[in-house]
Structure formats: C-alpha cells, structure tokens
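Chemist: Got a structure here, written out as structure tokens. Questions coming.
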Amino acid sequence: VVTLEMADHVEKVKAYIAKHDLEKELSNAVNEAIKQDAEDPYRVIIEYLKDFALEEDDDDDIIEEHMEMPTMKPRGQRAGVMAAKFEVPTDWTAPVFEKDAEAESFLKSVMEENRLMKSLAPSDREQLMKAFKRVEFAAGENIIKQGDRSDNMDFYVLETGMADISIEGKGTVMKATKGIAFGELALLHNAPRAATVTAEDKVTAFALDMISFKMILMGKSQKDSADYVGFLNSISMLSGLAEADKQSIAGCLKEVEYVEGKNIIVEGDEGNNFYIIRSGEVKCTKGGQEVSDRLKRGDFFGELALLSSDKRAATVTATQPTSVLMLGRHEFIRLLGPVSSEIAAAARAKRQQ
C-alpha cells in the first residue's frame, strides 16, 4: 500500500533529481558499471561520480561574476570555456612587463591552478606571465564596477591586500584574497561587469588587458581546438567520429609536454587520463623491461586503466621531448565510450607488433 507520505517522498525525490540534473550522470554511472560487468558496481559508480564532481568543482579560484548571467559552458564540458567568438588579428604583439623572480613565481603558481590558464602550453603561459602588468589600488577604490562596459577592460589577479565583491550594492558577498583571479567573464562574453570589486585596503594586482586576454586565452583556445580536430582526423580510429564529437573532444584536450626521460604514467599507479602522442616518442616498460614497440605521433595509451579501473599496467616514459594530448577519465568515458572497445583493441594490436 502506497501511503500519502510515501507518495510525497517519491515526488520530492523526483523534484530533487530534476533540480540538480542528476538523472543523466546517475544513468551514465550505472551504464559504466554495466559495461565493465563490475563485480563491485558501487565502487565503479562512486569512482565515476567522484570524477564528475572533480570536473565540476574547479570554479573556486575564479570570482563568480556570473551569478546573474547564463552559465558559460555546458555541464560536464571543460576546456572549451571561451564563449564569445574572437577573430585573431595578424599584427598583434604581446606586451612585455618586467618582473622580479618572486612575481614570476607567483603568477606561474596561479596559472597552474587557474581553470582558464592551466591548460595553456608552457610557452603560452610564459607569454601570458610577461603580459601581466602590476597595478595598485588605494583603500576604497573600485577595481571593477558593476555595469561598466568598454573596450579597455582588464582581467586581474590579486597579489596583495584584500578586496570586497558586491552585487547591486547589497553588501559584500565574497572577498578576494591573494591569488584570486577575477574579471574574466565580461571579457569572455563581451558583457558588462556583473559585480563590483573594491579594495578593502591597499591592493596590488596583476592586470591583463582585453586584447592580450583574448589573443592569448581566447584566440589560442580557438586555434588549438581547430588544430586538435585536424590532428584527430589523422588518427584512423578517431577520424570516423562525427564532426561535432571531434570538436567536443578537441575542446576537452589538454596539451602537456615532457622532457626526455620523464615518466608520463607509472606502473601500479591509479589511472585517470588517456593520452594521444602529438609529437615525440615514448617507451612502455614493465619491471624495467620494454614490452612493445615504441609509440610515436598518433599512437595512444592509458586507456586500459580507464576501461577496467585497474592500476596502470606499465610505465610509459618519454625517450625524447614529447608532447601529448591528455583526456580525463570522465571525458574519455563520456566522449569516447562508444568506440572504447575499438580503441583498446587497436592499442593491444599495436603493442603486440
């Protein structure tokens, strides 16, 4: 017998699932357990949801200017955060502002944690670091003001001091402290400032002008995405994917460079990423012994641990300067799930040659 209390509870559960858009990811998590024929489905489901939660929880380092704005990226999509189309001018030169070693170290540490900057290649981070200009604000001075809109807005990283963030004059809703970046959304969306940021005491910050922001962050992202789609087309296993799927994959790829002798993955470690070699060469070893032909441009590795949740089966080491395109576990399952068995079969065949 279904009581009114039980029926009411069911409706509350349905409403909660709908409110937080849980149905899709819960279904994906269960499907992943089914695909693996997991003896311990709870572990697989928990790992899947944990990875998804980590994907979604990367916003703490950016001031949430978009409280009253539309969400700037689809749920679950990651690297392609650039919203407004930007045409890359051909005559632009990046500005260079001298900095001491301490300032350079500070900016580099911010870039490593910031969702907009951490996916840039090392050379682009270096260019970005040089383009930041140190600025100062007196206590009570507005750094940005809600509603402002112009062609010379800046993106900021707070270095010293503290600033108050307010919306519609209703008091402080958040405080900005050392290492916090803000001001990006108005530039991304070509929109008015969505919040006011006021120096609480004397503040020093690093400012990046709009053109440099768009050239280095937005222009680079768009160019990389197009380059990555072209590269995916050169890989027979992936070239047959729908164009929209390749663009989604390209938007989630992160390029990482390794020097000769650097381990990319280590035997026995947890596996959280899938790798495609863009340039260079790697060797695969077990117990110190090479177990396959060396992998080069267009080859991929790291898929087995993602498909089975097992530990890494081998160590993969760069034998020369090597660039790889990295795809996280969640994106791999979401975007390459339909062809994952073919990817695994192709990888096994390559390593047995």
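Cβ from N, Cα, C; glycine included.
TrEMBL lists these features:
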BINDING   Glu184, Arg193  3',5'-cyclic AMP 1 binding site
BINDING   Glu303, Arg312  3',5'-cyclic AMP 2 binding site
DOMAIN    116-234  domain 'Cyclic nucleotide-binding'
DOMAIN    237-338  domain 'Cyclic nucleotide-binding'
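What's the neighbourhood like for each of these?
Modeler: According to its DSSP assignment, Glu184 (3',5'-cyclic AMP 1 binding site) is helical. Counting every protein chain shown, 23 other Cβ atoms lie within 10 Å of the Cβ of Glu184 (3',5'-cyclic AMP 1 binding site).
The 10 Å shell around the Cβ of Arg312 (3',5'-cyclic AMP 2 binding site) contains 18 further Cβ atoms across the protein chains shown. In this structure, Arg312 (3',5'-cyclic AMP 2 binding site) belongs to neither helix nor strand by DSSP; it is coil.
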Chemist: Determine how many residues of the domain 'Cyclic nucleotide-binding' (116-234) DSSP places in helix, in strand and in coil.
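Modeler: With helix first, then strand, then coil, the domain 'Cyclic nucleotide-binding' (116-234) has 40 helix, 37 strand, 42 coil.
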Chemist: Which whole-number mean pLDDT does the model give the domain 'Cyclic nucleotide-binding' (116-234)?
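Modeler: Residues in the domain 'Cyclic nucleotide-binding' (116-234) carry a mean pLDDT of 87 in this prediction.
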